[in-house]
């Protein structure tokens with residue numbers, strides 16, 4: 001009889017350890033979602049408020065650079081805004097994962113939506129990265145000159161915005177991996 005009780009005690013300790021690990025993973029996921037939200041919303045705001053005007057010969061003739069002049073940067077702003085909205089709306093569901101341990105279906109849903117948002121933010125960041133590269137380096141074969149020598153503040157802001165978005169890409173990859181680990185621990 002004592003050996004049966006010992007087995008039950010060992011099994012219950014294993015279940016408690018597994019539950020504690022799942023809760024830690026859920027807390028880490030929640031924190032990563034918050035950090036990814038702040039990265040994407042900061043990138044959105046930074047890019048959307050980027051503009052610079054330079055005088056040309058006289059004060060009446062001016063060159064103006066704005067993010068909305070380039071469709072790739074507009075797509076970047078929209079993609080980051082959508083992902084920011086998703087991340088803030090997914091926080092209640094991520095909180096449920098902390099409180100309840102039997103949340104397999106909602107984890108699968110979050111993985112699917114996280115993968116879709118990862119694709120969206122990666123597409124936005126990649127398209128903006130191509131434009132930022134052209135702004136910094138130009139392309140001599142097509143006679144596109146780098147504009148960052150003239151529009152220095154504009155280029156610094158769009159580059160900073162791009163960095164924040166790529167950090168969000170890495171965080172979303174980590175979220176997907178953590179959710180997959182949490183799901184695999186249950187089987």
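Note: Cβ is positioned from N, Cα and C throughout, glycine not excepted.
TrEMBL lists 23-171 with the feature domain 'Casparian strip membrane protein'. Residue counts for the domain 'Casparian strip membrane protein' (23-171) under DSSP, helix first, then strand, then coil, are 115 helix, 17 strand, 17 coil.
The annotation transmembrane segment is assigned in TrEMBL to 30-50 (among others).
Taken from TrEMBL, the feature transmembrane segment covers 70-96 (among others).
What TrEMBL lists as transmembrane segment is 108-135 (among others).
Remote same-chain residues near the transmembrane segment (162-183) are listed as 22, 25-26, 28-29, 32-33, 35-36, 39-40, 42-43, 46, 76, 80, 83, 97, 104, 107-108, 110-111, 114-115, 117-118, 121-122, 124-125, 128-129, 132 (criterion: CB distance under 8 Å, separation of at least six residues from the stretch ends). Per TrEMBL, transmembrane segment is recorded for 162-183 (among others).
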> Residues of the same chain, at least six outside the transmembrane segment (70-96), with any C-beta under 8 angstroms of its C-beta?
Replying inline: 26, 29-30, 33-34, 36-37, 40-41, 43-44, 47-48, 103, 106, 109-110, 113, 117, 120-121, 123-125, 127-128, 130-131, 158, 161-162, 165, 168, 172
> Excluding the flanking five residues on each side, which residues at least 6 beyond the ends of the transmembrane segment (30-50) place their CB within less than 8 Å of a CB in that stretch?
Replying inline: 66-67, 73, 76-77, 80-81, 83-84, 87-88, 90-91, 94-95, 97-98, 121, 128, 154, 157-158, 160-162, 164-165, 167-168, 171-172, 174-175, 178
